[in-house]
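**Q** This is the structure I have questions about; it appears just below.
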Amino acid sequence: VAPVVPDLSSDIDTSNFDDLEEDKGEEETFPIPKAFVGNQLPFVGFTYYSNRRYLSSANPNDNRTSSNADKSLQESLQKTIYKLEEQLHNEMQLKDEMEQKCRTSNIKLDKIMKELDEEGNQRRNLESTVSQIEKEKMLLQHRINEYQRKAEQENEKRRNVENEVSTLKDQLEDLKKVSQNSQLANEKLSQLQKQLEEANDLLRTESDTAVRLRKSHTEMSKSISQLESLNRELQERNRILENSKSQTDKDYYQLQAILEAERRDRGHDSEMIGDLQARITSLQEEVKHLKHNLEKVEGERKEAQDMLNHSEKEKNNLEIDLNYKLKSLQQRLEQEVNEHKVTKARLTDKHQSIEEAKSVAMCEMEKKLKEEREAREKAENRVVQIEKQCSMLDVDLKQSQQKLEHLTGNKERMEDEVKNLTLQLEQESNKRLLLQNELKTQAFEADNLKGLEKQMKQEINTLLEAKRLLEFELAQLTKQYRGNEGQMRELQDQLEAEQYFSTLYKTQVKELKEEIEEKNRENLKKIQELQNEKETLATQLDLAETKAESEQLARGLLEEQYFELTQESKKAASRNRQEITDKDHTVSRLEEANSMLTKDIEILRRENEELTEKMKKAEEEYKLEKEEEISNLKAAFEKNINTERTLKTQAVNKLAEIMNRKDFKIDRKKANTQDLRKKEKENRKLQLELNQEREKFNQMVVKHQKELNDMQAQLVEECAHRNELQMQLASKESDIEQLRAKLLDLSDSTSVASFPSADETDGNLPESRIEGWLSVPNRGNIKRYGWKKQYVVVSSKKILFYNDEQDKEQSNPSMVLDIDKLFHVRPVTQGDVYRAETEEIPKIFQILYANEGECRKDVEMEPVQQAEKTNFQNHKGHEFIPTLYHFPANCDACAKPLWHVFKPPPALECRRCHVKCHRDHLDKKEDLICPCKVSYDVTSARDMLLLACSQDEQKKWVTHLVKKIPKNPPSGFVRASPRTLSTRSTANQSFRKVVKNTSGKTR
């Protein structure tokens, strides 16, 4: 994108281009040739006849009369010719004089034009230098503004660092609170010891408890050693704090030395600035002198131009007069020539004596020609002299031009010196500004360091007081311990209970230590992140400087457009006033609409609350009814089973009695064959009855099992429906939160002039909400099955996962996590996710949460390949694993044998409730298998892997979710569970485990 996009009024808009003046070069003047050519002189031609045949044939009398007449005519003609020749000669002289004047005036004009061109070039050069200086001034102003922006950015960074320091101080206060809690625990221990002493007073008589007392003695010594280790740790912390204090003192002294050096540099710089200011004043005086000379030259140029214009006017007038006179003379000449020809014809016809007169006239004409030739030679000599003078003038001109060039060179050198001095001045002024800014920043840092030193001293004093108190308490405890050594031998059975409490205390202390260690690690990570951010900011600074240099050029163009924009802004101000009046009306309408929307939202919220209450009541009633029905059914089934068992036992007992009554001694007693037959018949009847009763019993069991399966399936469906409703409710609540935030933004913006843009409204959304695209693993093996993209929304209470944006619009999430059940959020390492690619690892992060905080849709997994024995199949809550039975086992669904010694049929076993069944039942989708009776442990922890689009987004998500983690652990959950079940503990608990769903994993 270009740094500046100018507004164009049309396709032929060239207002953004500068009008460049064409460089008018010096006019080419060819020198006058010194050799005489003669092509500028007029040609005069005449004709004559050499034969005298006309004279021989004429009479002498006729010749005399004609000669008299011809003489008179000839004299008149000669007079006219003389007059004409004199006029011609005068006009030729005038013409030569005018031509000489024109040449001299042209030479003068050429000189003046050259001088004017040189002065124009000098003026243009000066104007260009002035414009360059102005541009440099604008660039310097732009740089100053940029440095101010950079200073503001550094101030913001410093504020951020101060905020982090404040957070670290808060953590220190938390540690102090922990130490106070330990003191309270010590007080509790002392109270318990007093109770033990009272118990010892009561039970001194018993001597059998000596061994137990010795054990308690050793345990107390261990507790004292633990307290001593705690004391040592506190002493070490105190030493660390003292070392940090000494380091801060050293830094303070170093900063003071740097400040003094900078003050010295500042004094030196101020002296340099004074010298430069003196130089600037001298240069300004020189510039004024040059300007004065320029003004004089311009005045002379104007006078010369006026003279030139006047001479041009005179020249034009003379040319017009000469042309007019030449034309009139040519016309007269033509008329006289014609008349002369006519008279010649007449004279030839009438008189032959005129030829003699002509010969005389010709002689006279030859004399005149000779005179004219002599005059011409004189004129040529004059021309040669004039050319010599011209050559001398050319030499003088060249000398004057060389002098001018020398002067222009001196002028350019002076201008270069002026430019260099101005540049030095600007550089030194920039250095001065930079030094002033650095002094200010260092003074500010020194003040901050002083404040930090005071705070550190206060903290050290508080820690020393705490140390003294602990030492005093230790001394008291040692005294009590020495006094109680004799009494310890007579402690009794109540000590076991107290030992239990002490073990609980130890576990709490361990947990607190682990939490402190985790906080320290997090602080180290934060410091590393800050260092990385510092490096990235340095690179960004370099990029910003390069951008600034490119923007400086754009700034010049923008400042040229500024004047036009100010004029347009005045026009736009009047328009804005009208628009503001219109927008005030729209604001009132929007406020009315806002009030209506708030009312609608309140109504919706009330309806939502009522619906949730109704749902809860209906769920409770349904649960009670289901429990009553199940209890009644269980009681009825138990009664039937008991009665059938009693009947069965009675029948078996009868059979045993009958069998016992038989006498197998044939030799002694020979029973009758009829009695035997009767007994056999009775036995058969009894066996038939038994079989019938067994069949009835089996039918009843199958019926009841089917009913139970149906009830459990209904329960599962209703639970799934309830989960879906809860998920939809959560998504609706997040949408309502977003709408409320937007409404608050609208209510805050009272005037239309301060209405935020679309970008600002997006930026003003509450910090509790974040949304975007994240990827979730399809199954356990990421390398084989890959990732699945989901749209994730984090509201103030829930984390919602959508398959796509349509599901988000329809408020149909695939999974919802409760933020209150979050334990931990962290970026993942190579050891955690060894199946993922190395490029993806910096983008992956892990969420640890309680199982009870998860709510998802029941999506049945795809059939798993037989090769993967570690994978399992989900069906009605079961997690079936494929197995083979070589020992006796029956199917729990169809009661058929499930085993064979050599070729057992394919079987499945639930790894939760250990129900066995044939694989065919699940493949054929038979409804014989009852739902799983064993559910997940609600208090078990679970983790989820999430893949962000980039590393920056991963950091953003992690920091946001870390802020969301509740400080108190979820109710009903063991605090140590997520730590003991960490992903990096053992190979069995690594990510090689099979995931239950697309993202979750049972821990």
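Numbers here mean position along the shown chain, with the first residue as 1.
Even glycines carry a Cβ here, placed using N, Cα and C.
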**Q** Given the ranges 1-28, 673-700, which one is assigned the annotation region 'Disordered' in Swiss-Prot?
**A** 1-28
**Q** Using DSSP, what's the helix, strand and coil tally for the domain 'REM-1' (128-205)?
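**A** In the domain 'REM-1' (128-205), the DSSP-based counts are 75 helix, 0 strand, 3 coil.
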**Q** Among all the protein chains here, how many other CB atoms are within 10 A of the CB of K296 (N6-acetyllysine)?
**A** 10
**Q** According to DSSP, which kind of secondary structure is K296 (N6-acetyllysine) found in, if we only use helix, strand and coil?
**A** helix
**Q** Mean pLDDT across the domain 'REM-1' (128-205), rounded to an integer, is what?
**A** 79
